[in-house]
Amino acid sequence: MALRSIHQIGTLFPATNCNDHSSHSRVPTSTAAVRAVPTAAILRSRFSNREREEVMVSSLDRVGRSFSLSCSASTAAVEEEEKGGYRSGVGVFVMMALDSVTMGNKVNRRKAMEVSFQAMKGAGVEGVMVDVWWGLVEKERPGEYNFGGYEDLLGMAAKYGLKVQTVMSFHQCGGNVGDSCTIPLPKWVVEEMEKDPDLAYTDQWGRRNLEYLSLGCDNLPVLKGRTPVQCYADFMRAFKHNFNHLLGNTIVEIQVGMGPAGELRYPSYPEQNGTWRFPGIGAFQCFDKYMLSSLKAAANVAGKPEWGSTGPTDAGHYNNWPEDTQFFKKEGGGWNSTYGEFFLSWYSQILLDHGDAILSHASSIFKPSSVKISVKIAGIHWHYGTRSHAPELTAGYYNTRYRDGYTPIARMLARHGAIFNFTCIEMHDHEQPQNAQCSPEKLVRQVKLATQKAHVPLAGENALPRYDEYAYEQIVRASREMCAFTYLRMNTQLFEEENWRRFVGFVQKMKEGKNGHRSWDEKKKQQVEKLVPNLPSETNLFQRA
C-alpha cells in the first residue's frame with residue numbers, strides 16, 4: 001500500500017477534492033455526499049498568517065481536550081469487549097497528509113498534528129497511515145538515509161497511543177491524481193534517468209513517465225551499480241534498522257510500494273498535463289528498451305519472434321473507450337486473440353514477478369517482527385461491464401469477462417503472507433456513470449472471492465473522500481470480510497463539525513463489528529454525541545462558510 005487537484009489551506013492540512021492520490025477510481029462523488037466548504041478564505045481576510053495558525057491550533061486544542069475525556073472511556077469499552085471474547089470489529093486507520101514530513105525532513109504543522117492525534121485517539125481511531133518517501137529519505141546520495149522527520153512523527157504517534165501503517169513510497173509524489181505536493185524520486189535516481197530515459201515507463205508515442213522506475217530494469221545494475229530491487233531492499237533494511245524498536249507495537253504494518261501511487265500496477269492513466277481523464281481506457285506502458293527486450297525474449301520462447309518487436313499499436317489512446325479501438329472492441333478485438341493472450345499474459349506476469357521479487361525481500365527483512373506486510377491494488381472499476389475490461393488490462397491486471405485476473409495476484413501475495421489492500425470500498429454501482437459501465441460493487445465482490453480462494457487477508461480503503469452516511473454504511477457492510485480499513489484522508493474537511501460527527505459515528509460502528517451492521521438506536525446516537533466536541537463558533541476553523 002499507493003500516496004494519485006489538492007491545494008493547501010492555511011497551515012493545517014491540505015484540503016482534498018473529490019479525487020485523491022491514494023485511490024484511482026475516478027468518478028464524481030454522489031449527489032448524496034456531503035460537500036464541505038472550508039473557511040480558509042474567511043480566515044485569510046480576517047487574520048494574519050500568524051493569527052490564522054493560532055486560530056487553527058486553538059480550535060484543534062479544544063478538540064484534543066474534549067476528546068481526551070472520552071478517550072479513556074472508549075478504550076475501556078474496547079478492553080471490556082476483548083475480555084469478553086466477542087470483539088469482531090475492524091480497526092480504522094486514517095491516512096495522513098502527503099506532506100506530513102517536509103522536503104527539509106521536518107514534521108509539517110507540528111502543533112496541529114499533535115492535537116489532531118489526540119482527536120483521532122479520542123474518536124477511537126486505531127492509527128494512522130504515513131508515506132515514507134524514498135525521495136526524502138535517500139534524497140542526495142545512494143546509501144545515505146535520513147529518517148529525521150519520520151523519527152519525530154512516529155514518536156508523536158507512539159506518544160498518543162496510535163498505531164501506524166507505514167508506506168514504503170518508492171514513487172514520485174506530484175503529477176498524479178490528488179497529489180497535493182511535489183516529492184520527486186531521489187536526486188541521484190533522477191540524474192540516472194536523465195542519462196538513460198529508458199529507465200522510465202514509456203508509451204507507444206514515446207511519452208516518458210517519471211513516477212516510478214520501469215520494472216523492465218528491475219534486475220539490472222542501472223542505479224550507481226545497484227538494481228532498483230536492491231535499492232528498494234536496502235531502503236527497507238535501513239528503515240528496519242532505524243525503527244526496529246517500534247516494529248510490532250507502534251508500527252504494525254508495512255505497505256510496500258510497487259508502482260505509481262504506491263500501487264502494484266503500470267502508470268497507464270496519468271493525469272499530469274491532462275494526459276488521461278476519467279473514464280479513458282489508458283495506454284500500455286511497455287515501450288522502453290528494457291520492457292521491449294523482455295517482450296522479445298518472451299516471443300522467441302513462444303516461437304513467435306514477430307510478436308516481440310513492439311506492444312499493441314491498435315489499442316487506442318488514453319482517453320478512448322474500448323469500442324473506439326481495434327484491440328479492445330468486443331467483437332474481433334485483439335485482446336481475445338492468440339496474440340492478445342500472449343501479450344497480456346506477458347504484460348501481467350512481469351508485473352506479478354515485480355511484486356514477487358520485492359515481497360521476497362520485504363518478508364525476509366521484516367519476518368522476525370510481528371509487523372504485517374501489505375500491497376495496494378488499484379480499484380479500476382470503469383468499463384468493468386465490458387468484455388475486455390480495457391482499463392484493467394492497460395494497468396496490468398489481466399482480468400476480462402472470460403478470465404479472473406485477481407486470483408493470480410492474491411496467490412502471489414499469499415506466498416509471502418501479505419495483505420491484499422483494495423480501494424473503492426465505499427462506492428455504489430448506481431453512483432457511477434452508467435454509460436462507462438462502471439461496477440465498483442461487482443469488482444469488490446470479485447476481489448473478495450479471489451482473496452478467499454487464495455486465503456489472503458483483505459483490507460480496504462475508500463477511493464474518494466466521503467463524509468456522508470451513505471458511503472459509511474457501504475464501508476461498514478463491506479468490512480465483514482476485511483481485516484482493516486484505512487480512511488482517506490486527514491484534512492480540514494474531515495474536521496468540519498458535521499463531517500467529524502458522522503466520522504466518529506462511523507469509527508464506532510466499525511469497532512463494534514457485527515453489532516455495528518444494524519441500525520443504531522437513540523441511545524447509541526447519544527453516546528456518539530458525547531464523543532463530538534462543541535467547537536467555539538467564532539474561531540472554529542472547521543465551520544462552514
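Think of each number as a place in line: the chain as shown, counted from 1.
Just so you know, glycine gets a Cβ as well, placed from its N, Cα and C.
Automatic prediction, not curation, is the source of TrEMBL annotations.
Taken verbatim from TrEMBL:
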{"type": "BINDING", "residues": "Asp131, His171, Asp179, Lys376, His381, Thr423, Asn462, Ala463, Arg489", "note": "substrate binding site"}
{"type": "ACT_SITE", "residues": "Glu263", "note": "active site, proton donor"}
{"type": "ACT_SITE", "residues": "Glu461", "note": "active site, proton acceptor"}
Distance [Cα-Cα, Å, rounded] between Asp131 (substrate binding site) and Glu263 (active site, proton donor): 13
Cβ atoms near Asp131 (substrate binding site) (within 10 Å, other residues, all chains): 29
Alpha-carbon spacing, His381 (substrate binding site) to Glu263 (active site, proton donor), which is rounded to whole Å: 15
Inter-residue C-alpha distance, Arg489 (substrate binding site) and Glu263 (active site, proton donor) (nearest angstrom): 17
Rounded Cα-Cα span from the residue listed as 'active site, proton donor' to Asn462 (substrate binding site), Å: 14
Whole-number Å value for how far the residue listed as 'active site, proton acceptor' lies from Glu263 (active site, proton donor) (Cα to Cα): 13
All-chain count of other Cβ atoms within 10 Å of His381 (substrate binding site): 30
